[in-house]
């Protein structure tokens, strides 16, 4: 037999003498269980279930199985042709269901989502369609600045994005193994195991390190997840047949099932994934798959309903999330037993219909299997309606955004505010924030480096420093307006969720990087003293605001250095998303008593700090006994606790005047 005649990755003498059945009932049941675990934990527990990790292992196993049995050996051209054929088949498998879910989500979003969420959701729709949703989530930080927002209805596509990226990358490793083995006359299987093993070790080490350094980003990172996919691929290479000891195989299967089901039930490991803790669901999946190969998978996984639904589990995973998101928009955050069961039922029905009438016909269309071009054309035609739906939604949003932007600019320069509608428009409100968030001048949650950006009168005779967290950053446009009147440049040094001070004992949410960052900011101020520092002076504690020990310490240091400070009182922090509430219930229903946020007395006697001016913006935000969310038809908050840029520029005179008074302006 010539080298061009055999049909697999492995040369004839090097192929596995696999006795595994092509269809493993236990694995089908495992896929269904994994999808159910993900949905159940999303709906009722808001915890990590380990189900997604199982998907990666199973996907890696079957990817290796497909590649090892396809024609990617022989000449370089034949190998590349085999890879292209594999990629085309993968496209035919993942595209139809994804497109249907995206189109359905767009329709549901227009019907059920508030307009304030459209602008945030749209980019995620395109990211889902083109399989980079995981990277978009990382870039948007699944972000502190987005806290208070409900998740994108396309967020579940992060896992599919990771999977597709690995479907592209891992076959290249196998192709390299085949080529290297042919060149060096090494055993192909051993060569593949070495390369996959090295990639596995590198990915796992990176995952453990990155999870400790930046867990939110690591969770969606392809490189930090690759080891789970590679574990499945390695399993296929080493498991040439089931275990001879079938009793042992059965025990291993039950052990894996218990590990998988109990992980999320007993422990909240959401903040530990995908580091070493992800070994638990990965190992559980491997144990179950070994038992399935030995025809001893736990009987629940061999139950006919779970096995039958296995093919639809992928679509079920995609459908459950937008249905859950729309349910919460329509009925509130809490999902009861009945509501959750309805979500599961609707997801199952849509998953079956999508798989039966869309995915399977396209996947099994024989004419497409013979031509990569035909597959690409078919996939493009299938994806076109989803792209058109997203593009139409975007055009409608952009047209309304332009009109809304004009209203905002009119409002901030003191012009007339519409009497028949609120500004900023709900389409624009999430982006109604200072430009420091868009131009790289605001430090992210986990980073320690100080980012200093200049604005205002760049060559001005004076310097105003804006320091602190995002609540300091939200006042920067008011500071710039004052700076122009006193010939001052503005230097901003801000970072998400960080106090200007060492974190107090009991301070919730302060990342360890905050203390390092804040100290570095203080050193910058002492090394190059500005004419004025503007920052937040209090923080919420229970039903009031306080001046914590860390604030007092840093204010004292600045006073001793002769650096004056304008300290702004903290604004209210609501327990709900304010724009969502306004759209759903109206402004009056969203207002809260002043006593929920402020005590009657002044939070501190700031006279102990020389040159300190306390600006009590509570008088503007809560002028009576109520803290309103709309002020003169201007929406005050863009999420739970960040002020809109429009409101600060329209009603931030108190802060502006304090700066002018300190620096001698009028």
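Keep in mind that glycine also has a Cβ here, set from the backbone N, Cα and C atoms.
These figures come from a predicted structure and were not determined experimentally.
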Correct range for transmembrane segment (source TrEMBL, candidates 1-22, 23-44):
23-44
In TrEMBL, which of 114-137, 138-161, 306-329 is labelled transmembrane segment?
306-329
In TrEMBL, which of 335-358, 407-430 is labelled transmembrane segment?
335-358
Considering only Cβ pairs within less than 8 angstroms, which of the stretches 50-68, 218-239, 273-294 has the most against the transmembrane segment (23-44)?
50-68
Cβ under 8 Å, sequence separation of at least 6 from the ends of the transmembrane segment (164-183): give me the contacting residues as numbers and ranges.
9, 56, 59-60, 63-64, 67-68, 72-73, 76, 79-80, 83, 86-87, 90, 94, 131, 134, 191-192, 194-196, 199, 222, 225-226, 229-230, 233
Between the transmembrane segment (306-329) and the stretches 94-113, 218-239, 335-358, work out which stretch tops the count of Cβ pairs under 8 Å.
335-358
Counting CB pairs under 8 Å, which listed stretch among 94-113, 190-212, 273-294, 335-358 touches the transmembrane segment (50-68) the most?
273-294
Would you mind giving the whole-number mean pLDDT across the domain 'Acyltransferase 3' (25-355)?
87
Which of 94-113, 190-212, 335-358 has the most Cβ pairs closer than 8 Å to the transmembrane segment (273-294)?
190-212
